[in-house]
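For GLN37, LEU38, ARG39, ILE40, LYS41, ASN69, SER108, LYS137, the entry in Swiss-Prot reads 4-amino-2-methyl-5-(diphosphooxymethyl)pyrimidine binding site, with the evidence type sequence analysis. The annotation Mg(2+) binding site is assigned in Swiss-Prot to ASP70, ASP89.
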Amino acid sequence: MYQPEFPPVPFRLGLYPVVDSVQWIERLLDAGVRTLQLRIKDQRDEEVEADVVAAIALGRRYNARLFINDYWRLAIKHQAYGVHLGQEDLQATDLSTIRAAGLRLGVSTHDDMEIDVALAARPSYIALGHVFPTQTKQMPSAPQGLEQLARHVERLADYPTVAIGGISLARAPAVIATGVGSIAVVSAITQAADWRLATAQLLEIAGVGDE
């Protein structure tokens, strides 16, 4: 049963681009995307704070669900919609502080054991990856594939889920067909020959999410 210890999110979050700049956040919000994540890696809080502030302000202006990857203190300070954490960040993060601040929490998983860890934290949503081989980041685990993804989605039938990892425009329909509530994409948009067209096509497949 879906009883998170953090504020809930819609069961279907729809298309969920993960991008590394405020410029991309603004572009995608303007293109109709309503769930996004700002993921800037390996910088100190003071180096990313201005970008976090700007991204959160844009999210508010468009009434969107904007998640901040990793920089949870800044997300709390500036009242983001939510925070996304990887497994490696869970142990080093004060989840009770995020909870008390009223922020939603998303957690990455790569196998059944990590799903168990995520469920123990009772987050707002669980991300399932990586579905396909990905060039976006170095992954210690093997790709899950559609069959494993479908099994995880069935296991988490009451939970908002997000599929991530190597999801292209061509692969997106098969991913959505597993019943997953959202698809997170990176290069399918940011490296597309025509990002506006790619975004529109992905929105057609995954939707903007439930209200």
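Backbone N, Cα and C define each Cβ position, glycine as well.
Here the structure is a predicted model, which means the values were calculated and not measured.
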Cβ neighbour count (10 Å, all chains) around LEU38 (4-amino-2-methyl-5-(diphosphooxymethyl)pyrimidine binding site) is 28
Fewest other Cβ within 10 angstroms of its own Cβ, chosen from the binding-site residues ARG39, LYS41:
LYS41
Using a 10 Å radius around its CB, how many other CB atoms surround SER108 (4-amino-2-methyl-5-(diphosphooxymethyl)pyrimidine binding site)?
23
For the binding-site residues GLN37, ASN69, work out the Cβ neighbour count at 10 Å and name the residue with the minimum.
ASN69
